[in-house]
Every structure is written in structure tokens, then in C-alpha cells.
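So the structure is just underneath, and the comments pick up after that.
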Amino acid sequence: MNELILNLKGDVSVPVEMDKIIPEKIQEMSLEKISGIELIQGNKTAKVSEIFDVELKESPVSKVTINNCCKKVKRIGEKMTSGEIVVNGDAGMYVGVEMKGGKITVNGDAESWVGQNLKGGEIIINGNAENYVGSAYRGDWRGMSGGKITITGTAGSELGEYLKGGTIVIKGNTKIMPGIHPNGGMIIIEGDIEGRAGGEMMKGAIVVYGKTLEPLPSFKFEGIVEDPLVKLFKKDAGTQLKGTFIKFSGDYVNTKPKGQLYAAIENNKNLI
């Protein structure tokens, strides 16, 4: 196994697309061949060696490390199926788009569309993420279907749009409309939200530990629950929550919805 180490040479003014640099694609390549890969940069292309200083060394796992990264470096880990990518610095849009396996860790902030249409694997952003975490392509009604995304900081609007499966965990606050149009999966928000969670929710679960505004009027109050076991489908082993929660079901703009919304009572006594 090899680890590819890419050290960004300097400031990047025109976005660079990194979809050709994923662990399974570069494993059998020589240093010379990797250095010569053409990356899309704006309306032109540039060789890897023109943008990065390139190193290759043996590793127990197939791995790509990008150092001094910035938000002009886009599409990191797109469609990867195995191995590991570590980004030291910020990352541009589309981290882990259509990823099926492996692990991506960003030690910095990330722009919008983290884990768009994620199918498997794990993405960890050790910082903040912008809008549409774990969401669908524009115009598509099939979003993230598997895997796990963890944001240790804050997240923007409309995370989990059209979520079908998998888990999204936000350690900080989120903006408006988390979990819009979901048909499965679980969203756990440990911070506060600006409201309108679960709009047009059909299936799935949203758990809010921080403060939230009053749920949409098309959600139904189900009662107070203690340490609930949240099941997303009949044969699901379930996710055990700890604490006391206010439970709502919805969204009743749909016919026979099975969506679940939990708000920690400690921070949301105004909802009772």
C-alpha cells in the first residue's frame, strides 16, 4: 500500500477539481505518473505537479494526504470506494460526492455539498460545513442513502435534503430546514437549530439536543418519552437515545407519514 502526500504549493485563485485523485485510482501508479495527472482547473487543466509538491511512501493503508489545503480545492474523494483521505486545511465544495466506501477526514472547514448523494463510508469534518450537507443533486429526489457524516462544528441550511439512509451528526448549531424532504435515515443535531426541521418528512428521524423553534404546524405532538429506542424500519435494531425528549410525528402534509422528530426537553420546555 502507498500513501500519496500532496503539499499545496501556494495560493490557488482558480478552483481545482480533485476527482481523479482517490486512493483506489492511484495505488498502482508511480510517482511520475501521478505527478502528470491532468486536473481540471477552471476552463483549463493543470498537472498535479504544477499545483502540489508530490511525495509517495509506503503505508499500511491506501491513503491520500493533502496538506495546506484551501477552499479552492474541490471534489475531494468523489466516488471513492476504499482507502482513506486526510485533508489538513479547508476543503472546497463536494467533499465525498457519491462516495461508496472508505474514510475522509477534513481538519478544517468545508464548503457546501459535503457528502452529496453519499452511499457509504464515513466523512468527518473537524470544523464547520456550509449548506446542503448530505443532500441530493439539484433536481434529484434521491439523496444520501448510506454511510455517516460527522460535522464537529456548525452546519448551514437544508442538510439532509431528500435523505434516504445513513446518519448525519452535527455537533454544533445548524441553520434553517434541516432534514427537508427526507424518506429515511437519521439526523442528530447536538446544538441549536433555526427551525423548520423535517419539512415534508415521510420517513426517518431527526433528533435535536439543543434549542429549536416550534415545529411546523403539520407535525403532531406524540408525548414525552424517556430514553427512546428510535427505529427507522421494522427490522431495525434501533438507536438508543439517552434523556427525556418531546416527540413529534409528521410531516402530515404527506399521506401516512412515518417521520419522527425528537427535541430534548431540557432545552425545549417551551414546546410542551
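Any Cβ shown, glycine's included, is placed from N, Cα and C.
Look at Swiss-Prot and you will find 77-89 tagged as repeat '1'. Residues annotated as region '7 X 13 AA repeats of [GW]-X-X-[MLP]-X-X-G-X-[IL]-X-[IV]-X-G' in Swiss-Prot: 77-210. What Swiss-Prot records for 96-108 is repeat '2'. Annotated repeat '3' per Swiss-Prot: 115-127, in sequence order. Here Swiss-Prot flags 141-153 as repeat '4'. Among the features that Swiss-Prot reports, repeat '5' is placed at 160-172. Positions annotated as repeat '6' by Swiss-Prot: 179-191. Per Swiss-Prot, the feature repeat '7' maps to 198-210.
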Please give the sequence-distant neighbours of the repeat '6' (179-191): residues at least 6 beyond its ends with Cβ less than 8 Å from one of its Cβ atoms. 141, 143-145, 154, 158-173, 197-210, 230, 232-233, 239, 259
Could you give the number of helix, strand and coil residues in the repeat '6' (179-191) as assigned by DSSP? 0 helix, 7 strand, 6 coil
Would you kindly list the residues that approach the repeat '3' (115-127) from elsewhere in its chain, counting only those six or more residues past its ends and only Cβ-Cβ distances under 8 Å? 77, 80-81, 90-91, 94-109, 133-137, 140, 142-153, 166, 168
Segment-level pLDDT (mean, integer) for the repeat '2' (96-108): 99
Tally of helix, strand and coil residues over the repeat '5' (160-172) according to DSSP? 0 helix, 4 strand, 9 coil
